[in-house]
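Enquirer: I have a structure here, written as structure tokens, and I will follow up with some questions on it.
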Amino acid sequence: MKKLVYDLLPPGVCSLLNPAAIYANNEISLGDVEIYGFDYDYTLAQYSNLLHSMIFNTARDILIEQFKYPEGLGKYDYIPGFAIRGLHYDVQKSLLMKIDAFHYVQLGTAYRGLKPVPDEEVIELYGGTQHIPLYQMSDFYGKGPSLKQFMDIFSLPEMTLLSSVIDYFITHGIEFDQVHLYKDISDAIRDVHVKGVMYKWIEKDMEQYILHGDEIYAVLNRLVNHKKKLFLITNSPFSFVDKGMKHMVGKNWRDLFDMVIVQADKPNFFTDRRKPFRKLDDNGSLQWDKINQLEKGKIYKEGNLFDFLRLTGWRGSKVLYFGDHLYSDLADLMLRHGWRTGAIVPELETEIRIINTEQYMHSLTWQQALTGLLERMQMYQDAESKQVLLEWMKERQEIRSLTKNLFNPQFGSIFRTFHNPTYFSRRLVRFSDIYMASISCLLNYDVNFTFYPRRTPLQHEAPLWMDQLCTGCMKTPFLEEMVHIR
């Protein structure tokens with residue numbers, strides 16, 4: 001069987017996926033899109049990983065200096081690659097973990113501090129099951145009564161800091177209140193953003209922090225040349241966005257946009273009708289006049305989507321909005337307002353490069369075949385067969401761990417648990433028509449290109465997976481009997 005599986009993999013099969021491609025969850029024709037909207041942070045502006053270390057270090061120092069946490073925390077540094085996006089944190093149990101689309105914790109991916117929690121303990125903590133009930137999981141925006149989902153790329157340093165502080169307290173036998181600790185760390189991270197510290201670092205060294213600048217100019221310029229309207233809705237302040245866009249696009253960047261809205265307070269911008277728009281002058285100072293129209297070339301602060309729709313008339317599927325946060329940027333726009341949405345998932349590039357490796361492709365294919373064998377041969381229950389089945393199950397588990405570790409030793413891929421989609425993937429499919437690693441991927445497609453999602457087979461549609469293909473070739477003796485089972 002193993003030889004058969006390897007022989008079935010043709011040469012070159014390991015470079016099938018393009019990291020710069022756009023992937024479709026829903027059919028969408030760019031020819032129908034007249035208006036393109038963008039978030040700023042991690043959408044137009046992609047940042048280098050150096051930023052995560054700076055956020056971690058500054059928030060850690062705020063905890064020590066302002067919140068009077070132990071000075072020993074200063075010995076902890078940011079651990080690149082410790083956490084992944086989409087994880088859940090159980091505040092009461094101090095558990096950081098990966099949960100799949102069916103609300104099950106993926107065993108082997110639950111951490112308290114920087115150390116894994118044994119599978120048996122996780123199951124015991126949740127009343128003898130890996131399942132997290134819906135009422136605990138989250139509300140619409142990933143914030144449940146006791147579980148918080150980290151969906152923001154900026155949350156990677158927050159998860160690492162949370163784990164580091166818990167590790168210090170546990171290691172030194174210090175008792176702590178889980179709720180207070182979580183709030184303190186959230187507040188420290190928030191201060192890095194709200195007090196503008198992060199903005200100053202980026203403004204001081206744009207070359208070091210901002211990626212893909214030239215490509216962003218090319219994307220925006222191309223859209224304008226094809227008579228598309230562009231707008232920007234961001235939570236960041238104008239001075240920061242202005243400096244970043246001048247760096248990437250040039251001093252006349254505002255000429256490309258029909259509308260620029262800063263400090264929008266998303267996701268409230270999409271749901272709350274109360275905040276009116278305010279105009280800023282060219283220096284970023286607030287004006288006092290009532291806004292009865294949104295003018296090209298002007299900068300607006302706050303506001304709400306309902307006034308935006310009324311003043312622009314930009315409705316429905318002729319609008320395509322891009323953002324990196326599935327909840328704050330995309331969910332309301334797709335479900336409440338019928339806009340088309342594009343998710344920016346920078347992790348996609350690295351994950352596809354891993355999927356394209358020979359090690360991953362061979363491991364996954366053999367795992368599929370082995371799973372098919374296990375399913376079909378479990379009817380044999382004599383002692384010798386049972387022993388063989390146990391060995392196969394052990395080998396299958398080893399392969400699953402190996403493929404998980406290729407992505408991230410602690411938590412694996414952001415898109416999959418061992419076999420199910422993650423909770424993050426479920427939301428990605430629900431809230432985005434298309435997804436890609438960066439806005440620059442648009443340069444690979446014509447402005448009238450139609451994206452067609454692949455018809456992924458449902459379980460009852462008898463897909464020719466490798467396990468069925470292989471075990472079919474082996475002519476397993478009981479297949480004819482199984483045909484008659486109702």
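In case you wondered, yes, glycine gets a Cβ from its N, Cα and C as well.
A quick note: this is a predicted structure, and the numbers were derived from the prediction, not measured.
Here TrEMBL flags Asp39 as active site, nucleophile. Taken from TrEMBL, the feature active site, proton donor applies to Asp41. Here TrEMBL flags Asp39, Asp324 as Mg(2+) binding site. As annotated by TrEMBL, GMP binding site applies to Asp41.
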Enquirer: Determine the Cβ neighbour count for Asp39 (active site, nucleophile): the number of other Cβ atoms within 10 Å of its Cβ.
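Expert: For Asp39 (active site, nucleophile), the count of other Cβ atoms within 10 Å is 25.
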Enquirer: Excluding near sequence neighbours, so keeping only residues 6 or more apart in the same chain, what lies with its CB under 8 A of Asp324 (Mg(2+) binding site)?
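Expert: Counting only residues 6 or more apart in sequence, the Cβ neighbours of Asp324 (Mg(2+) binding site) under 8 Å are Asp39, Asp41, Tyr42, Thr43, Asp152, Ile153, Ala343, Ile344, Val345, Pro346.
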Enquirer: Within 10 Å of the Cβ of the residue listed as 'active site, proton donor', how many other Cβ atoms can be counted across all chains shown?
Expert: 23
